[in-house]
Amino acid sequence: MRALCLLCWAVLLNLVRACPEPCDCGEKYGFQIADCAYRDLEGVPPGFPANVTTLSLSANRLPGLPEGAFREVPLLQSLWLAHNEIRSVAIGALAPLSHLKSLDLSHNLLSEFAWSDLHNLSALQLLKMDSNELAFIPRDAFSSLSALRSLQLNHNRLHALAEGTFAPLTALSHLQINDNPFDCTCGIVWFKTWALASAVSIPEQDNIACTTPHVLKGIPLGRLPPLPCSAPSVQLSYQPSQDGAELRPGFVLALHCDVDGQPVPQLHWHIHTPGGTVEIASPNVGTDGRALPGALATSGQPRFQAFANGSLLIPDFGKLEEGTYSCLATNELGSAESSVNVALATPGEGGEDAVGHKFHGKAVEGKGCYTVDNEVQPSGPEDNVVIIYLSRAGPPEAAIAADGRPAQQFSGILLLGQSLLVLSFFYF
């Protein structure tokens, strides 16, 4: 019994033990307060009572918040850190404070912030991050803050906002976001629409204005004129050649990704083959098929050649190049993707007999199937598989090399769902 009493006393003493020497601690209005403001501190002092619910470290010289900075005070409900020199907040610095309702980081030098820590602060009602150097907010930064009522982001360096950033803030009643250098391109149009329709109080709307482009500088977002904006769209087609490229002799598979959207989307190719996945930021070659500076290639011509016009060439197509070919277009308004599965077979593996039984040629201008002059595009879910059948033909009399040598012809059939594409290539 005596041991139990001693243990209880030890716990009580821990809860009410003195504050760190520079700070004052006490109870006020039912809250356990630790006041360390204006103490010229350069770090969070250790030794706080575990029952502290309000901690003020405002007006000090804190340069940053390390991981576990507030591990001693897990019951904190209010944390005041304004007017310091905080440049960064490490991941894990704030995450343990699951009871936090008010967080003030205003008037610092914040350029890096542990946005993921906010996911654990679901009780937060007030978040002040104004007067910092923040240039970017992740789309999911506030995804767990359904109780947040007031958010202050004014006087930062924000130039863009990801669409849907404020959608999780269902309790939000006050948003201050003025005096940021917004880039008034298509990516900001959603915020104008949201702000005009929202019941959230947004003060100083005349100071929520464009900084770029120059022609729109100073115009408030609420009076932003209509912009020619559209989300990306893609159409993947299959062609036996592309404009202006110098092709090597041999069989070449050519795909073309027709991209539309405003602003002009960025095009990427995602290629999944038996040997692994290849990611290509288009273009990676010039019009001569040679690798551009900075493109990864072990020789003058990469295995997969992505051209600026949206074409993708695969020289010497073979079994190792079988797989799924996807083109992905992305701009500020979203992304779009189209894919095709490509498989290579020989006539001995089904050949023309399989063609006749499984697929039917589509007549085009009296022809029984598509020719090299026709571009084929998938018309439905069944048209997303390309099977290439190769055969060798004798040298045609009309195909003669510059030095008089006859050319060898390689013929092929591309099966595109319900369509056929007959290809002929000449090897000199």
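Keep in mind that glycine also has a Cβ here, set from the backbone N, Cα and C atoms.
Since this is a predicted model, take the numbers as computed values, not measurements.
Going by Swiss-Prot, these are the annotated features:
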DISULFID  Cys257-Cys327  disulfide bond
DOMAIN    19-50  domain 'LRRNT'
DOMAIN    180-231  domain 'LRRCT'
DOMAIN    232-343  domain 'Ig-like'
CARBOHYD  Asn51  N-linked glycosylation site
CARBOHYD  Asn309  N-linked glycosylation site
REPEAT    99-122  repeat 'LRR 3'
REPEAT    123-144  repeat 'LRR 4'
REPEAT    147-168  repeat 'LRR 5'
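Annotated features taken from Swiss-Prot, shown on the structure.
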residue : record                      : DSSP class
Asn51   : N-linked glycosylation site : coil
Cys257  : disulfide bond              : strand
Asn309  : N-linked glycosylation site : coil
Cys327  : disulfide bond              : strand
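Rounded to a whole value, the Cα-Cα separation of Cys327 (disulfide bond) and Asn309 (N-linked glycosylation site) is 13 Å. Using a Cβ-Cβ cut-off under 8 Å and counting only residues 6 or more beyond its ends in the same chain, the repeat 'LRR 5' (147-168) has close neighbours at 106, 122-139, 141, 174-183, 187-188, 190-191, 194, 200, 204, 211-212, 332-333. Of all the disulfide-bonded residues listed (Cys257, Cys327), Cys257 has the fewest other CB atoms within 10 A of its CB.
DSSP states for the repeat 'LRR 3' (99-122), grouped as helix (H, G, I), strand (E, B) and coil, give 6 helix, 4 strand, 14 coil. Here the domain 'LRRNT' (19-50) has long-range neighbours at 56-63, 65, 69-70, 72-75, 77-78, 80, meaning same-chain residues at least 6 beyond its ends whose C-beta is under 8 angstroms from one of its own. Long-range contacts of the repeat 'LRR 3' (99-122) within the same chain, counting only residues at least 6 positions beyond its ends with a Cβ under 8 Å from a Cβ of the stretch, are 53, 58, 74-93, 128-135, 137-138, 141-147, 152. The Cβ neighbour count for Asn309 (N-linked glycosylation site), using a 10 Å radius and every protein chain shown, is 16. Its Cβ taken as reference, Asn51 (N-linked glycosylation site) is surrounded by 15 other Cβ atoms within 10 Å in the chains shown. The DSSP breakdown of the repeat 'LRR 4' (123-144) into helical (H, G, I), extended (E, B) and coil residues amounts to 0 helix, 3 strand, 19 coil. Counting only the Cα atoms, the space from Asn51 (N-linked glycosylation site) to Asn309 (N-linked glycosylation site) is about 65 angstrom.
Looking at the repeat 'LRR 3' (99-122) alone, the prediction's average pLDDT is 97.
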